[in-house]
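Taken verbatim from TrEMBL:
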type	residues	note
DOMAIN	42-174	domain 'RUN'
REGION	270-296	region 'Disordered'
COMPBIAS	270-284	compositional bias 'Basic and acidic residues'
REGION	444-485	region 'Disordered'
COMPBIAS	460-485	compositional bias 'Basic and acidic residues'
DOMAIN	503-559	domain 'FYVE-type'
Amino acid sequence: MRDDTEDPNYLMANERMNLMNMAKLSIKGLIESALNLGRTLDSDYAPLQQFFVVMEHCLKHGLKAKKTFLGQNKSFWGPLELVEKLVPEATEITASVKDLPGLKTPVGRGRAWLRLALMQKKLSEYMKALINKKELLSEFYEPNALMMEEEGAIIAGLLVGLNVIDANFCMKGEDLDSQVGVIDFSMYLKDGNSSKGSEGDGQITAILDQKNYVEELNRHLNATVNNLQAKVDALEKSNTKLTEELAVANNRIITLQEEMERVKEESSYILESNRKGPKQDRTSEGQALSEARKHLKEETQLRLDVEKELEIQISMRQEMELAMKMLEKDVCEKQDALVSLRQQLDDLRALKHELAFKLQSSDLGVKQKSELNSRLEEKTNQMAATIKQLEQRLRQAERSRQSAELDNRLFKQDFGDKINSLQLEVEELTRQRNQLELELKQERERKLQNNRSIPGKGSQKAEPKTDGKHKIQEENVKLKKPLEESHRLQPHPVDEQDQPLLSQQPQMCQLCREDGGLPKYVCKNCRGIFCNACSTNELPLPSSIKPERVCNPCHKHLMKQYSTSPL
């Protein structure tokens, strides 16, 4: 089975694609560099030279060969001459090209035509008009040539962008006939480090397309060099044949000259003998002389023919020598082009190896990133599961909080009336306590006055005094119990600081019943009023983190509660 890469149609399609890619690169590079340069372009501008070389390769693709004396000739000047028949505005530049004195070859005329069309900013219009007439182009191009396919129309559309640049060329002193059209790929090759994301893949494909085109062009140039070498060998063989024929002709001329000299001598001898001899011999000698003259005429005619043939052979030899020189020059140029193309191919291979290495490193990086992503996904899943658990706990806590609030509301509804009644009882008891304290105070004052007035009765009255004190303390304890129960049922917020209680009326300690000028303090637990000796302890309460001053009974009660409460 035949390989598709050896199919001529496949090769032509590959060449068309490569040429179209090169045309895109050259046109884009020319427009960008010209806009950055910001001035009129001349013939020495390198991107402009490369553009003309690429256009020359595009116009040469698929050209039919015309047979000449020196062999087959391919020139794109023939199709460009048709443009003046399709677009009248092209008549001026075609006439200008024909009038240029320095152009001797059709290739030079075609190159000059391209430059003048670019100066006129009508190159895209001319190419579109030429591509639309496929029936005229079929005389010059093969059916699968670039100008006959849609790649030619794409290139003609890309040429519209060149109308934004200005160019000025002086072609009188420029040698357009002997220029070598070699594409410099180094202007379009870019480093792989500038490739990011999807642009890197596009640049790699473009570089691979350039590499394929360079390989195709290298094969094409090798085939051209082989054909030229065969032509050179054929010309050398024909040259050796011509030199041999020339040597034979020279030998024949020398022999004819010798025979002519001999005939001249014989004729002169015959004439002298005829003058001296009798008249009878003249007739026979005249016949011999006439035959000699005829033979001489034939020999002279033959000599003239040989000389003409020799001149023709000499002119052919000169033409062959000129053709040999031109072929040698062409072979040298093609060899130089091959060397430069091989160097570019080596650069491309080195760049390919570098890109392959970078691709491998990027693959390793992608693998590492994928592993890291998988780990992150696992951690994300774990965190999502944890978040779900926390949300469930939060919902449970919210439900428990709602149930606790409901219980609290029910508790308040159930015990609100009891608390109010207890508060009223506490207020009534405190009024009674204050009244009793006042009566006790009055009783003390009266007793003190009685003791002062009757000193002998002091020892007798001491016992009843202690009995009254015990009674007051028992009443105090009875009053304290409902007060503590009310404080347990309804805790008070801590809004006072640990400072002595200052009030307008004199206050009395609820334990020792002292009423002196000492400062009084508020217990932060039961909210009672106590002196410094009865409230020396401090404990942390549920309503505050810091230790607060509490009375001695609350301190004992809280210490028992803290010791019996589970941890």
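Every residue gets a Cβ built from N, Cα and C, even glycine.
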Review point. What are the DSSP helix/strand/coil residue counts across the domain 'FYVE-type' (503-559)?
Key: 8 helix, 14 strand, 35 coil
Check your understanding: Average pLDDT across the domain 'FYVE-type' (503-559)?
Key -> 79
Exercise for review: Could you put numbers on the helix, strand and coil content of the domain 'RUN' (42-174), residue by residue per DSSP?
Suggested key: 82 helix, 9 strand, 42 coil
